[in-house]
Amino acid sequence: MNIRLTHNKILIISFLVFLFIYNFTNIFVWWPMLKDTEHLIFNWPDSTANYFFSSLFANGGNLWFSEMLNLYTDNLLHARSINVVGGNLVPMTFLPAIVIFGAFGRILGEFGILALTPFLAALSGLLVYRLVYYIFKDLDIALASSLLFWSLAPWVFFANEVMLPSILFIFLVLAGFWALAKSIILEKSLYWILASLFLSLAIFVRPTEVVWLSLIFIFIVYLNRQKIYLKHYVYGFVIFLAVLFLFLILNKNTYGSYFSIGYLNFQSNSLSTEFSGQKTSGLLNYLKLLIAPFGLDFILLTKNFYKYFIEIFAPYLVLAFLGVSIIFYKKQVTSPWKKYFLLSPFVFIIILLYYGSWDLADPLVKELNKISISYVRYFLPLYIWVLPLAAWAIKKMFYGPTKINKVAYYIVIVALMLTSVKLAFYSKNDGLWSNMDNLQNYNEQYKAVSQVVEKEAVIISERSDKVFFPKYRVIVPQGDLPLWSRVKNIINLVPIYYYTDKNSELLSVDQGELDKLNLKLEDQGKIWHNFSLYKVSNK
């Protein structure tokens, strides 16, 4: 049977199988939840915020939501991962991803917003197949790379985190470089235009990735400069400027300034606390985001690289190391591999210097999470970068003319795939099974509270804002910033509740502050395990 026909059958079946796997959380949690309560709960505050603003954009074209009570409380009412400008709730992220999610939501509705990321994740595997083939001119390596990519544990996990922009970004990058390769091979301007559009969108979905993306793009253009003409540069420049213009207009309409960004603390004109920063101008904020927003800590970088790259990716790294050894021992350093090895150190160094020094503020997340932690999604380009080398090693060590060789070759690939998918589902505290249980528990908490709390109420909670927002307005206590004195300003305007798992000793501290303000907590009973609900009222 023709090898291309065989590969096409494998690719189609794999696409459909992994499309189902990527929709696991949609099928068993979010679509039923949306039908049951019309209120979606996510594990990530980022996802909660992204879905809220994507739905806003889909239904009305807005990226901000007016919250008048913020005018009385010094911008106290907002969930995590949401910023406040002039009392309005605004996204704490880069806006193009929300616009893309929202645009699909306009066409396909709320169910469609949730389905976009899994579909792009599945489609990306086909792009990997074509890209690897264009680069290495080997169909077997291309197929193995795509299968390893589809089953990659971080990819499977984040394909199920449907409202994070990580998968969208990688898809745009892959689509951009696929179109660029087609443009060079076929010398057709249409593919160059598509490449310019996809890569420009990728940059503005995650502007922080522009350095390594630009490096790869410039490298490819330089190597193929004889096939790229002045008109191509003009097309690319015009498309980039058009996307940049739209990006700046979105910023202006949402934040009030062309160079404001969602990560900016609008009260202090500085980057949010997760970044290493002080007061800076909007332009300097961008420069800081591009270079070293978290500072440089080589000890922390090494720890993060070991824990979230080497430990998670160990089997692939062993294969990649063997692949490098074989290539150099047998003197098979062909032109594509020379270029691959030349670029690799730069890509790794740039991404590791950028994200490796980030010290997550939440110690609970660092202690318990492995596959779901932010380092893993930011290291996604590095995992993917290594796959062709691992695939090449598998082919060289196991593939051969005999039937036994071919069976061994596919057994190794399938074993890697199953092991990786298992990690995505069964990671001890944060795999997809655990996530599903957590989401169902959150939904039970929401249902229990909604039976007691009025629809117009405000709920105060340290970490459960994602359970109640946006059905309820929420307040998240912010460290040492005053809480109860600002809450008092709206005590007569709306019902206010406090949802917490604090013990009596910690709760007495709050009650002491409330006594000074002539306020009290009225116990509404236990809701879920250690979580209780209290109504805040005047004495």
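From the backbone N, Cα and C atoms, a Cβ is placed for every residue, glycine too.
If you look up TrEMBL, you'll see 12-31 (among others) marked as transmembrane segment.
For the transmembrane segment (51-72), the list of distant contacts is 40, 42, 78, 82, 84-85, 87-91, 95, 98-99, 101-106, 109-110, 113, 163, 250, 253-254, 458, 469-470, 473, 489-490, 493-494: same-chain residues at least six beyond its ends, Cβ to Cβ under 8 Å. The transmembrane segment annotation in TrEMBL covers 51-72 (among others).
Within its own chain, the transmembrane segment (84-105) has Cβ neighbours under 8 Å at 46, 49-51, 53-59, 63-68, 70-71, 75, 77-78, 112-113, 116, 163, 165, 168-169, 201, 204-207, 246-247, 250-251, 254-256, 261-263, 266, 272, counting only residues six or more beyond its boundaries. If you look up TrEMBL, you'll see 84-105 (among others) marked as transmembrane segment.
Taking Cβ pairs closer than 8 Å, the transmembrane segment (111-132) reaches residues 7, 11, 14-15, 18-19, 22-23, 26, 30-31, 34, 51, 54-55, 58, 101-102, 104-105, 138, 141-143, 145-147, 149-150, 155, 158-164, 167-168, 170-171, 174-175, 177-178, 181, 384, 387-388, 391 in its own chain, all 6 or more past its ends. Taken from TrEMBL, the feature transmembrane segment applies to 111-132 (among others).
The feature transmembrane segment is assigned by TrEMBL to 139-157 (among others).
The transmembrane segment annotation in TrEMBL covers 193-221 (among others).
If you look up TrEMBL, you'll see 233-250 (among others) marked as transmembrane segment.
Summarising the annotation, TrEMBL assigns transmembrane segment to 283-302 (among others).
The transmembrane segment annotation in TrEMBL covers 308-328 (among others).
According to TrEMBL, the transmembrane segment annotation covers 340-358 (among others). Counting only same-chain residues 6+ beyond the ends of the transmembrane segment (340-358), those with a CB under 8 A from a CB of the stretch are 135, 208, 211-212, 215-216, 219, 274, 292-298, 300-302, 304-305, 333, 374-375, 378-379, 381-382, 385, 388-389.
Within its own chain, the transmembrane segment (378-395) is flanked in space by residues 128, 132, 135-136, 138, 140-141, 144-145, 148-149, 152, 154-155, 158, 166, 170, 173, 209, 212, 308-309, 313, 316-317, 319-320, 322-324, 326-327, 340, 344, 347-348, 351-352, 355, 409, 412-413, which lie at least six positions past its ends and keep a Cβ under 8 Å from the stretch. Feature annotation from TrEMBL assigns transmembrane segment to 378-395 (among others).
Through the fold, the transmembrane segment (407-426) approaches residues 21, 144, 147-148, 150-154, 156-157, 160, 312, 315-316, 371, 394-395, 398-400, 432-433 of its own chain, all at least 6 residues removed from its boundaries and within a Cβ separation under 8 Å. Summarising the annotation, TrEMBL assigns transmembrane segment to 407-426 (among others).
The transmembrane segment (233-250) is not in contact with the transmembrane segment (308-328), judged by fewer than 3 CB-CB distances under 8 Å for residue pairs 6 or more apart in sequence.
Listed as Cβ neighbours of the transmembrane segment (308-328) (distance under 8 Å, sequence separation of 6 or more from its ends, same chain) are residues 148, 153-154, 337, 370-371, 373, 375-376, 379, 382-383, 386-387, 389-390, 392-394, 396-397, 416, 419, 423. Long-range contacts of the transmembrane segment (12-31) within the same chain: residues 40, 111, 114-115, 117-119, 121-123, 125-126, 146-147, 150-151, 156, 159-162, 421, 432, 435-436, 439-440, each at least 6 residues beyond the stretch ends and with a Cβ under 8 Å from a Cβ of the stretch.
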